[in-house]
């Protein structure tokens with residue numbers, strides 16, 4: 001039966017014409033949003049075993065009003081990063097940032113404009129305009145079986161066959177994804193989007209999918225940069241995008257043990273806001289935390305900016321439930337740690353949606369810190385900044401966050417400042433004189449470390465002193481709170497730049513790795529060297545390659561690269577970019593780096609997976625997959641080829 | 001662990017192909033500029049004391065220093081580990097070994113004193129201006145090198161024909177404002193009074209010749225070299241041939257030092273390494289006489305400062321022109337990919353362990369080493385005297401008597417055109433007048449070796465005098481008669497000057513040799529021809545630094561070139577037969593003559609004496625004795641067959657062919673014949689050699705016509 005035939009069946013079944021059908025279904029089913037959560041469909045149904053059934057636990061299931069609506073496209077760009085109202089625009093040849101969500105909002109940015117012109121030599125008056133939202137008729141018809149829809153209907157799980165709903169859940173935020181949204185079409189998008197509202201609903205949905213052999217691709221915040229949520233183009237079965245966003249309650253908060261049980265669909269900013277209202281924080285703050293979800297963090301082994309104080313997701317995670325076609329995988333207790341065979345939480349962590357859907361997570365919470373302070377240190381060069389960082393790690397006195405930006409990024413960061421008033425200008429001038437003339441720093445070599453301190457004011461003070469003392473040994477001088485704060489603000493804003501860049505044929509992306517201390521510097525140098533040579537060989541004249549060291553560990557660091565170039569009109573910019581990133585990854589691996597520190601494998605990096613985990617490792621993973629998902633309905637194709 | 005990483009060398013839009021390993025056809029003698037020419041009429045002192053801001057090979061933000069590098073090496077975990085091990089094994093306190101290593105590093109480590117470099121440069125400049133007709137540097141090629149410097153470690157790999165090489169290299173670097181490279185030098189210089197210091201201050205670091213078993217030294221040295229690669233800002237210069245080639249032919253490259261320098265790339269510590277093969281061609285080699293004696297078995301005098309001062313007598317000599325050409329810089333990373341290799345992912349490893357090369361990596365080093373030598377060869381400049389030497393050598397073997405000047409000029413013109421077809425760059429202007437000028441100039445520069453008689457015949461001078469006699473006990477080989485030496489020394493010297501042409505001629509010559517000796521079948525298939533060619537190529541592998549992997553390519557090239565030169569012709573049935581360029585055929589065969597004679601004698605001698613293991617020195621001595629006898633009886637025609645280097649190259653090749661067995665007993669190297677295989681080789685060689693006798697009828701007294709006594713010449 002062809003897709004169209006099937007669709008007709010569906011339409012007949014629902015008793016409406018083809019065109020009316022899309023909108024009416026979507027409207028009708030999306031309206032379920034207002035239903036209260038303690039109905040049978042979305043209520044807290046406690047399982048027989050497991051921590052939630054423990055009577056001692058306070059039961060305060062809290063519905064969370066998410067910032068992000070069920071119709072994501074109402075608030076978020078359909079073909080770019082973040083909020084619709086926040087973006088870089090060019091007005092009268094000057095770049096500015098719209099909206100007032102971020103500190104640089106509604107400010108014109110002449111220095112940044114200058115930087116762009118110098119770096120990429122673009123004509124700011126002739127931007128490319130992206131394609132409009134595709135018309136309903138232009139979406140591929142959904143492949144859906146009527147019988148399945150019937151049963152889905154019975155389960156009272158809200159779903160949609162609407163083209164836009166399906167499209168915006170068919171991709172993450174790789175350059176490739178965004179480029180296709182702007183100038184092309186995806187070969188395969190999900191056939192149906194479903195919004196289960198509880199763990200039990202997910203259990204039912206997965207069983208139903210298993211019965212009908214329907215592919216499920218879990219979808220959280222949609223911020224993946226590994227092509228993890230993309231639909232495998234050769235998949236002929238119905239693909240259902242399981243959107244977890246309506247499963248976003250904080251089921252309970254245990255102040256005694258400092259843990260919170262949350263549904264997996266809650267996004268970072270909602271979680272922080274809700275916990276904050278009660279005086280707590282999870283402390284997990286990946287750069288995407290405005291949009292990314294708790295389940296997504298677990299599934300990719302995410303890392304937060306402030307992991308030095310709070311830990312990475314694997315440190316925060318106390319208990320997790322994952323619904324698989326073979327059942328629910330979870331531990332029966334909620335304890336700080338246990339010696340009880342291999343830790344199966346680690347089968348779930350980093351499973352990237354290939355084994356099941358993560359539905360509920362118990363995470364550690366901490367009381368909100370009394371004091372939060374930014375800081376920054378200027379270093380004469382990258383090497384001295386790195387040595388200082390290494391020393392901080394050696395003494396284990398890291399503040400909540402410590403990051404070292406290279407010179408390229410330092411200059412870029414400086415360019416994102418607004419025009420200062422007269423006094424500011426004077427101050428700027430004085431600062432520059434102090435740094436370059438008195439301290440003898442070379443503006444084209446100096447680097448900046450940005451810092452976040454959190455905790456007791458006293459502890460913070462102590463920490464600050466220690467850090468600045470270490471820095472001083474390596475020639476670092478404190479460069480003020482404002483620079484630090486701008487550094488972290490940049491983290492959130494930098495993601496918006498790509499959308500502007502693409503209008504001017506500049507393509508770029510970030511990628512990351514982790515590496516031992518003794519190889520950190522050579523890895524940074526090698527990757528930059530390689531990309532520079534490869535760009536030159538490809539006839540690319542305008543490019544930027546920059547790195548920052550974003551995390552410190554006892555044994556090594558996490559390095560983040562930003563790489564972008566102005567397309568020179570030869571071939572396809574995205575293909576060229578992807579090829580160059582592949583070469584960069586080869587260089588990273590040969591330089592002793594890992595495949596990924598926190599972005600995950602997805603489909604983008606799977607060809608290197610065996611070389612990282614050994615042949616036996618791949619077999620072990622596949623055996624796990626066979627056990628949990630024998631029919632391969634979680635067939636998003638991440639991590640490793642699923643030829644079971 | 002299995003790697004599923006596929007070779008990523010594939011084309012994608014907008015990428016131009018960068019690699020061009022093929023021979024550059026754009027070389028021209030016009031690109032060579034005499035960098036001494038602007039030094040006349042201006043102050044040398046001002047020039048050498050100029051404000052000098054050199055270009056760095058590999059820029060670092062963190063500046064290291066020669067002292068810091070030694071300290072870093074001393075602190076490195078590998079060396080610490082070896083010290084600890086040795087301390088336990090030998091029951092020596094660690095502190096003592098620590099001091100030993102410190103002194104080892106002091107012995108190795110280079111220094112950089114710009115004033116010393118400037119003074120040395122000034123001295124050199126004065127000497128060069130006095131003795132040379134010009135120092136010609138290919139500016140196009142050096143600019144190409146400059147354009148790729150700065151981002152990653154750079155290795156300069158010059159050919160090594162003379163002590164002059166590294167002093168000249170440093171001067172050229174000074175001239176073009178390139179940071180003076182750290183130069184790997186042999187220990188023999190280290191012990192020279194004053195010179196050891198001067199060289200160290202001019203960035204030389206010292207390397208013991210053999211340190212196979214001394215783990216402490218080996219670790220310290222290899223760590224030091226790796227430090228130079230990763231942290232150094234200057235290029236590293238080393239001679240891939242390991243030593244000066246006494247024969248002026250390329251020597252089989254050495255792989256040890258090269259692989260040490262490549263380790264930082266293989267382990268992902270540096271992104272790439274640039275290797276620049278460099279050719280230095282001399283019109284006249286400073287050590288020409290010494291080399292001839294060394295080849296004949298008279299040992300080289302120990303490097304000493306007094307010897308150096310004696311050498312100052314050479315200031316009254318003329319040495320003609322020196323040519324320096326920089327080959328296209330090789331990117332180790334690109335070569336690595338080209339060989340279909342991927343760097344192995346660094347697995348968890350103890351920082352105490354040395355990186356051991358995998359089989360692939362070892363193969364890669366061999367490949368790179370041969371490429372470097374090949375590029376050095378392809379960037380040579382052939383001078384008039386090289387061609388005159390071939391002509392003269394040919395006349396001797398043909399027995400046609402000393403040639404007249406006009407014959408020499410005509411033959412040089414002809415040979416020039418042949419060599420150009422083979423890809424040589426020759427510093428002779430076209431046109432008969434220009435050739436004659438060049439020939440006369442060359443004869444003037446080499447007036448101590450050749451001379452024109454009043455009748456305009458070109459003759460050799462008997463260089464050997466009784467003053468050169470040495471204590472027979474010190475000889476490396478057989479003590480030869482004065483008569484033999486009188487003939488041999490000038491002939492070996494002539495061979496020294498024709499040898500630089502051989503890498504262009506050897507392939508064609510081997511093919512021609514095989515074709516010449518076809519029995520009744522006048523035609524031969526390419527396959528059969530290749531079989532025979534390849535046998536000879538294996539036999540002469542160490543003589544001409546052949547790389548086995550390139551046999552087919554070189555065969556095809558040689559056949560193509562010979563077709564162009566009408567030496568061979570394709571037949572209708574796609575076979576090959578000899579063409580009608582008889583003159584060139586005979587010339588090529590004559591070039592092979594001394595090698596065939598020498599190798600055959602080695603084989604025959606082994607056959608007779610080495611059925612029981614026999615020491616190398618005994619073999620060399622008796623081979624030389626036998627060659628001398630055969631020279632006397634006219635069975636061997638060319639005294640170059642006396643060369644000890646040739647005999648040891650033959651032994652190495654026969655070992656590789658398993659015609660002899662190489663044994664080590666009590667530290668002595670012994671050889672034992674593998675009779676059957678050796679017989680096979682000998683027979684093949686005999687078949688190739690003996691028939692040639694019928695073709696020419698030289699008289700054993702032929703040499704006398706060619707050689708003039710030095711004293712006689714003085715009277716002329």
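Positions of Cβ are set from backbone N, Cα and C atoms, glycine also.
Its Cβ taken as reference, residue A:560 (active site, proton donor/acceptor) is surrounded by 22 other Cβ atoms within 10 Å in the chains shown. Classification of residue A:560 (active site, proton donor/acceptor) by DSSP places it within a strand. The active site, proton donor/acceptor annotation in TrEMBL covers A:560.
Among the features that TrEMBL reports, FAD binding site is placed at A:218-224, A:300-303, A:352-358. A C-beta separation below 8 Å, combined with a sequence spacing of at least six in one chain, links residue A:218 (FAD binding site) to A:229, A:242, A:244, A:295, A:299, A:353, A:357, A:358, A:634, A:636.
Cβ neighbours within 10 Å of residue A:498 (substrate binding site), excluding its own Cβ and spanning all shown chains: 22. Reduced to three states, the DSSP call for residue A:498 (substrate binding site) is helix. The feature substrate binding site is assigned by TrEMBL to A:498.
Feature annotation from TrEMBL assigns domain 'FAD-binding PCMH-type' to A:186-368.
Feature annotation from TrEMBL assigns site 'Important for enzyme activity' to A:403. In this structure, residue A:403 (site 'Important for enzyme activity') is part of a beta strand by DSSP. Within 10 Å of the C-beta of residue A:403 (site 'Important for enzyme activity') there are 25 other C-beta atoms, taking all protein chains into account.
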Report, as a single number, how many Cβ atoms besides its own are within 10 Å of the Cβ of residue A:224 (FAD binding site).
-> 29
Taking only the CA atoms, the spacing between residue A:302 (FAD binding site) and residue A:403 (site 'Important for enzyme activity'), expressed in whole angstrom, is 17
Check: min Cα-Cα distance from residue A:560 (active site, proton donor/acceptor) over recorded positions A:221, A:403, A:498 goes to A:403
C-alpha of residue A:356 (FAD binding site) to C-alpha of residue A:498 (substrate binding site): distance in Å?
-> 32
Measuring CA to CA, name the entry from the recorded positions A:221, A:224, A:403 that ends up nearest residue A:498 (substrate binding site).
-> A:224
Going by DSSP, give the three-state secondary structure for residue A:218 (FAD binding site).
-> strand
Any idea what the Cα distance is from residue A:224 (FAD binding site) over to residue A:403 (site 'Important for enzyme activity'), rounded to a whole Å?
-> 23
List of residues, in chain order, with Cβ under 8 A from that of residue A:221 (FAD binding site) and at least 6 apart | A:245, A:267, A:268, A:288, A:291, A:292, A:293, A:296
When a 10 Å sphere is centred on the Cβ of residue A:302 (FAD binding site), how many other Cβ atoms does it contain?
-> 27
